[in-house]
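K.L.:
Before anything else, here's the structure in question.
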């Protein structure tokens, strides 16, 4: 239950998918991200609570109609959306109207999720390779959409339902827990909670309290690690009463799970081996490279340049005047 609850939170809020980072990268530097995070989490909690009421009302209604219990009617994944809900809607008055509204909602929900996921990939790759992909953004987006379209075609075949169940069981849940865990320890342990709090204070004008720093450093990583370990050792229930998956399908499923897990250590090894110098210096450089880059931002016509003097040390601040920006700010 805890694994499913954590997966639901990750899917609804979107941490670890890159969508929030991609969309937030378009904000201004002093945007109140704390307010945005609180509002987004609150709305997500309320909508999840409302959705739970709606789902169990429908399941209770179906159990009453069929003369059985809720646990016998209940299903999850595609079965709940494409079997239980249509059956419940078909027994209601005005079923045609409600069916149109329901499936239109599914279409808009799918498009909205697709847009967010695509924007994460497009923004990340275009920022990483601006000379090649950034200048040819339209062509890159067209090629990416074609590849995704061809990859999704097998799910529309007669056996597509079983493929969707396989992807749903082995695809995102375990991998996203690992990605979020690495993000948590990367920010709190490697980059440093104090340095992260300094960045937030520079952006928002106030420093996060001790509660948030304890959560970032200890509570969140430990909680996510425990859920990840339980999800690894818990057997995946894939077979149904009408179909038994072949043995090789389980290997395919675990391969799909291992691919995103292997990307992080593989890239880490690549960065260490690609740097010049001794292994110790390479690890130090990889850990501190992002934090030692100068950062430029403009305030009232003054270009402020943060030049870190070293990891976890005070910043030396230099000023250069932009005459045009200063004139616009004053007049």
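Keep in mind that glycine also has a Cβ here, set from the backbone N, Cα and C atoms.
Quick paste of what TrEMBL says about this protein:
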{"type": "BINDING", "residues": "12, 109, 112, 113", "note": "Na(+) 1 binding site"}
{"type": "BINDING", "residues": "44", "note": "Na(+) 2 binding site"}
{"type": "TRANSMEM", "residues": "6-26", "note": "transmembrane segment"}
{"type": "TRANSMEM", "residues": "38-63", "note": "transmembrane segment"}
{"type": "TRANSMEM", "residues": "97-118", "note": "transmembrane segment"}
{"type": "TRANSMEM", "residues": "139-158", "note": "transmembrane segment"}
{"type": "TRANSMEM", "residues": "170-191", "note": "transmembrane segment"}
{"type": "TRANSMEM", "residues": "211-233", "note": "transmembrane segment"}
{"type": "TRANSMEM", "residues": "245-270", "note": "transmembrane segment"}
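Help me picture where these features are in the structure shown.
P.N.:
Cβ-based neighbour count (10 Å, all protein chains) for residue 112 (Na(+) 1 binding site) stands at 10. For the recorded site, residue 112 (Na(+) 1 binding site), the DSSP three-state label reads helix.
For residue 44 (Na(+) 2 binding site), the same-chain residues that are 6 or more apart in sequence and have a Cβ closer than 8 Å to its Cβ are 9, 12, 13. DSSP classifies residue 44 (Na(+) 2 binding site) as helix under the three-state reduction.
Same-chain neighbours of the transmembrane segment (97-118): 14, 17, 19, 23, 81, 85-86, 89-90, 141, 144-145, 148, counting only residues six or more beyond its ends whose CB sits under 8 Å from a CB of the stretch.
Within its own chain, the transmembrane segment (211-233) has Cβ neighbours under 8 Å at 2-3, 6, 173-174, 177-178, 180-181, 184-185, 187-189, 193-194, 196-197, counting only residues six or more beyond its boundaries.
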K.L.:
DSSP secondary structure for residue 12 (Na(+) 1 binding site), reduced to helix/strand/coil, please.
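P.N.:
Residue 12 (Na(+) 1 binding site) sits in a helix per DSSP.
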K.L.:
For the recorded Na(+) 1 site, enumerate neighbouring residues of the same chain (Cβ within 8 Å of the Cβ centroid of 12, 109, 112, 113, site residues themselves excluded), in sequence order.
P.N.:
110, 116
K.L.:
Please figure out which one of 6-26, 170-191, 245-270 racks up the most CB pairs under 8 Å against the transmembrane segment (38-63).
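P.N.:
Maximum Cβ contact count belongs to 6-26.
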